[in-house]
Amino acid sequence: MSDQHTPEQATEVETTAVQAQPLQEAESRLQPIKWKFPITYALLALLSLSAFTFLSPTGAVTQFRLATASDFVTLPAVNIPSFAGALVLSLLQLGLAALAIYCAARRIKLGVWLPMLFGLFFVLAFLIYAGAGRGAFIPVVTLLAGALMLSVPLIFGAMCGLVGERSGIINIAIEGQLLAGAFLAAVAASFFTSAYVGLLAAPFAGAAVGGLLVWFAVKYHVNQIIVGVVLNVLVIGLTSFLYSTVLTQNSEMWNARQQLPRLPIPGLSQIPIIGPVLFNQTILVYLMYVIVFALHILVFKSRWGLRMRAVGEHPKAADTVGINVARTRIFNTVLAGGIAGLGGAYFTVGQGLAFGQEMSAGQGFIALAAMILGRWNPKGALLAALLFGFSSSVGQVLSTIGTPVPSEMLLMLPYVITIFAVAGFVGRVRPPAAEGVPYIK
Amino acid sequence: MSTEKKNNDPAEPGGALKEAESRLHYAVRELSQSSWVITLLSVVVALVVGALLILATNPQVQSTMGYFFAQPGDFFLTSFEVIRDAYSALFRGAVYDWQAATPERSIRPITETLVNAVPLILAGLGIAIGFRSGMLNIGGQGQIILGATCAAFIGYAYQLPLGAHLLLALVGGALGGAIWGGIAGVLKAKTGANEVIVTIMLNNIALYLLAWLLRQQWFVQTGSNQPISAPVEDSARLFGLLGGGFRLHAGILLAIAATVFVWWLLERSTLGFEFRAIGENPEAARTAGVNVPKATALVLIIGGGLCGLGGAAHLLGTEYRLGAGIAGTLGFDAITVALLGRSKPLGTFLAGVLFGGLRAGGVLMQAQTGTPIDIVLVLQSVIVLLIAAPPLVRAIFFLPNPDGKPRSTGRRRLRNQQAAEAAEQPTPTQEVSK
């Protein structure tokens, strides 16, 4: 590792040189060393070594399938001896943990690559252990494709929450917005027998819920969390009511299945493993890439983003320089609702399913968790949502091939991680300062 | 809701302005501030919204719409009949069924309402304690699940004497909820973790925990693969109060006792005073010597305990068997109950009875008129949204604003401002009950 100093350290050294202070004093003003992460790595590596390696049946083989039959490039299945594979991966983890401890002791900052690499090794070791001697293949492409599929509504939802909260409106109603989007997408697509019409209609449903939220929050200063919770109930009630009346009375007309076609991107979709996962998708998923990328740029680099963050952090200051706080919040929350509505479309037209009661099934709350875990940051929220999608996907795949770990535990994982995150274990999670506070002149 | 002090004392009768104002206007304004009136009007609006929904989706009404211009009378008559049938079924299912064959059957609906109300009241009280202490406990769902799970397991896994078994099951349920709420409480107290997020996450964790437990043979003790537990022993069941064909059980006594307890806790005890103090102003409470972290944790522990008790009463009184859907939408309904009850014990009790009634009536309405019970969710959420925004309700019914100013719309506001500047007459202000 490079001998890079942290910026703080660099300034410390400079001031020491200029003012000729004793080095000890400068040292003593440093932050205490954070042992939390290195110790966590070490514990996880030991877990991997003890559980995944030594509990793998000796002589067992874990089989990975790297491509599906329809792929352009068909890679052969890979057989890995379970014990040896898990052992190597565990030792690699131990090495990374040792490196983390060494660097922490020397106060060397490490990049984001270490947790990512560590996570990859840990997950692989876990998969080897889970699939050891089962006689079934672990379908890697299906696993990854499933992870992306399950992440799509989460990512849309997290982006919605992010735009809302950055402008100071807490959005607990993401769940309702997803559900409303799913409903309207199904109905519109069925009525016009075109999935694309459904896709166009979905944002309006989400935006309508967002509009209600911001109307009560900005005009009547009602507690935003309460409005969000109640709006969820309202949307569930409305959609279920309409489902049991109109949609079931004439399901041919109002709730027939329509599916967005897959549009493989020539060239890119032929890359082995990631090609079919990322680039053989519907327009909705490509739209998601665009939205995440656009928000990544716009939130921090555009006038719109600056105003949004100003209104969310310090509305009074924003008002003083002539930004209309109420209008900014209303516009952004409605826009965010539209994004969530698009995500809702994934449940119906995105997957080619008819609408079902409460089909969003709590995804809106996981999206909220992803946004928090991603620290109100598009990139972070994306990664968190992918992580959640991946853990659900692993849970699903493993429950079909049968594993020693209950799938419920894997499905719980996102929530447990989020609790750890908000409890301050994964660094300090700081929401926008003025979120949830009505701005009253 | 104006908070500025105006110099006219409202208590002083016969102030200059009051004389100038007509008596009727004054009475209307007084009335429009009463929280009871706002609640009543919210219910009315919700019923109107529900009626519109029913009309819009009713096939008979739709067919009369087809020849609306030829015979508009048909449309209005059918609409009236549809609404009358639906809402009379709702009332008959919730309060008193005058069409029932026997007198016993005609009073059964009100007991069903109370049966439905029991978990709503208990859990609603738990949420209300949180609201009063400035904490949004969204985790009613998880706490109810844990409460029901613990109560059920104690109920069927152990053989105990009559009274002790029930008592232990109830205490176990309350403990289960208290632990689940306590996780959020302790995390908030120790690390400042936002209780909204933590409780939402705990809801989902509880759901998967229950799903996992229901797959474990040592837990369900049924000998089958069905994800449903064995029924609780008779000795652990909440006994029926009326016997015969009635389901009303001792849980309602528990709910009444809990209401009184929460009233005492919040209004008369030192701990409750501390709770309300940290809700009003945590900084001031800390300065006054309140141990804020401890009180914070206790709020969620006690609130969680009450929610757990609600889950336990639901299981031991009506369900008897633990299934994956044991909590239904109770957790979120409890939030609306607490909101409708304005986080006061008596209000929560009455709100629980109202929503219990809607639920009981909804069942009959669905059976007799085919109106899906989901409409109850719509009614519930519209009511709560409206009572949270009294200015909106006043605007709908053209009631005057509490500060005596006309509603602020365009020219009227301008004219009013000019008039106010010209006259510089102070307007009386009233305390707005929240």
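Keep in mind that glycine also has a Cβ here, set from the backbone N, Cα and C atoms.
Nobody curates TrEMBL annotations by hand; they come from automatic prediction.
Listed in TrEMBL:
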- B:417-434: compositional bias 'Low complexity' (COMPBIAS)
- B:406-434: region 'Disordered' (REGION)
- B:36-56: transmembrane segment (TRANSMEM)
- B:113-131: transmembrane segment (TRANSMEM)
- B:143-160: transmembrane segment (TRANSMEM)
- B:166-187: transmembrane segment (TRANSMEM)
- B:196-214: transmembrane segment (TRANSMEM)
- B:246-266: transmembrane segment (TRANSMEM)
- B:295-316: transmembrane segment (TRANSMEM)
- B:322-341: transmembrane segment (TRANSMEM)
- B:348-369: transmembrane segment (TRANSMEM)
- B:375-397: transmembrane segment (TRANSMEM)
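Same-chain residues lying 6+ beyond the ends of the transmembrane segment (B:166-187) with a Cβ under 8 Å from its Cβ atoms: 126, 137, 139, 142-144, 146-155, 158, 160, 193, 195, 198-199, 202, 206, 232, 235-238, 254, 296-313, 315-316. Within its own chain, the transmembrane segment (B:113-131) is flanked in space by residues 94-95, 137, 140, 143-144, 177, 181, 195, 247-249, 251-252, 254-255, 258-259, 262, 265-266, 275, 279, 299-300, 302-311, 313-314, 317-318, 330-331, 333-335, 337-339, 341, 343-345, 348-349, 351-353, 355-357, 359-361, which lie at least six positions past its ends and keep a Cβ under 8 Å from the stretch. Listed stretches B:36-56, B:143-160, B:196-214, B:295-316 were compared with the transmembrane segment (B:375-397); the greatest number of C-beta pairs under 8 angstroms is found for B:36-56. Using a Cβ-Cβ cut-off under 8 Å and counting only residues 6 or more beyond its ends in the same chain, the transmembrane segment (B:246-266) has close neighbours at 108, 111-112, 114-115, 117-119, 121-122, 125, 128-129, 132, 170, 237-240, 272, 275-276, 302, 306, 309, 313-314, 316-318, 345-346, 348-349, 352. The stretches the transmembrane segment (B:295-316) and the transmembrane segment (B:143-160) meet in space: the count of Cβ pairs below 8 angstroms, excluding pairs fewer than 6 apart in sequence, reaches at least three. Tertiary neighbourhood of the transmembrane segment (B:348-369): same-chain residues 82, 85-86, 89-95, 97, 109, 112-118, 120-121, 124-125, 128, 255-256, 259, 262, 333, 336-338, 340-341, 375-376, 379-380, selected by CB-CB distance under 8 Å and a gap of 6+ residues from either end. Of the recorded ranges B:36-56, B:143-160, B:196-214, the transmembrane segment (B:322-341) has the largest number of C-beta contacts under 8 angstroms with B:143-160. If you look at the transmembrane segment (B:196-214), the same-chain residues 6 or more away from its ends with a CB under 8 A from one of its CBs are 136-139, 141-143, 145-146, 149, 180-181, 183-184, 187-188, 220, 227-229, 322-324, 326, 331. Outside the transmembrane segment (B:36-56), and at least 6 residues removed from its termini, the chain residues within Cβ reach (under 8 Å) are 79, 82-83, 86-87, 340, 371, 375, 378-380, 382-383, 386-387, 390, 393-394, 396-397.
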